[in-house]
């Protein structure tokens, strides 16, 4: 099937669906009409899309952790703990690494080995292997909406199972769950596989079942300039809307400068709505998610809480609908349930104290928003041009030409010629533009900001700054300064 940004026909969708459900025996558990009936009985307080709509209308920010273990009962106990003790507003099920690579036989071994060991030997919840019945048991054991969070380039079977299991949100997209996660997955294949996931959600919407879709905003989580991550989020929102998705949460990963982060999140929401309306998608409800710091964390727990609360402050002042919570064990590895709950509690405390407060518009905020919007528009305009009006085709060509270029992405289809670095205030700017199609005016703005840092630090603008910035937060500060600064 040729890639194009056009809603799949029922015939195209159901033909491919026959093959998808054969990928693992639990695919047989999915009966679409029965799933529609089941989902219609899910109470609204456990529907992810509905809860996001209510939160946005109320002007509050919801807190959602990451969490997932191999065994069903242990996973349920973990989620209940984060719900009851942590006070989470929304629940995740972080999916294990084997499922992300469609290696279900190894998942099965991991489940059996976990049972023998009496603890999880997988780094997440193997949703496909637990099947529709297992996913429903999880949903029926908690009081909050559930979302699958993963990193799967081919999420088709996983999407079928989790949605039939009553989970009303799926994270990911054809760019954001490929370029940062995989080395050798062709971009056109991944885009088609995610068109399937979106078409599935579109089918449910046609039956009156509301399901949320969330592009993964932080990408590689390492110094991603806001305009690049925003361009990805807007692209994935447009591709999802074409397949019939009506409830979309666009995401952004904290860069660290409060003003830039607030500007970026507001630009993301505004431009997503602008582009959706410009292309005729007038009935899509857009919300935002802010990811707490995705880079290296300090090992000291008290310092880690400082990072968590700073991020929460930014999310709240930006007006995010949701914040993804980190834990004080981030630098060490997979957190205990207690550490995970403590991250949620710290986040919720900050959200409660800041409820209703927003960063007011200022000259500086206005300038930053104008820059981000202009840069984002340059990227998106070129993508539409490359695809001759077709954004899916334009996405493939944008990666081929380096117009879209994700810093530090492992994919061999990513140019890797663009290089980011912080300016003197900690904003993430473009050090090397590669083939990112900015105007000379925008390029000069980036260069001027970096020259200010070079002057302050008494050194040349160079790749050493990038290295210093990558490790800075783990060492206790935002900007990677030389020792004498």
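Counting begins at 1 with the first residue displayed.
Cβ atoms are placed via backbone N, Cα and C, with glycine included.
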Out of 66, 80, 119, 199, which does Swiss-Prot tie to the same L-glutamate site as 100, 149, 150, 171, 177, 181?
66
Pick from 123, 129, 230, 247: which one does Swiss-Prot list with 68, 180, 297, 326, 330, 334 for the same adenosylcob(III)alamin site?
123
Which one, from the binding-site residues 66, 149, 150, 326, has the smallest tally of other C-beta atoms lying within 10 Å of its C-beta?
66
Rounded inter-Cα distance in Å - residue 66 (L-glutamate binding site), residue 180 (adenosylcob(III)alamin binding site)
18
Relative to the Cβ of residue 180 (adenosylcob(III)alamin binding site), which residues of the same chain, six or more apart in sequence, are found under 8 Å away?
151, 216, 219, 220, 221, 406, 409, 410, 411
Could you tell me which three-state DSSP class residue 100 (L-glutamate binding site) falls into?
helix
Would you mind pulling the DSSP three-state label for residue 330 (adenosylcob(III)alamin binding site)?
coil
Return the residues near residue 100 (L-glutamate binding site) by Cβ distance under 8 Å, restricted to its own chain and a separation of at least 6 in sequence.
150, 151, 152, 153, 181
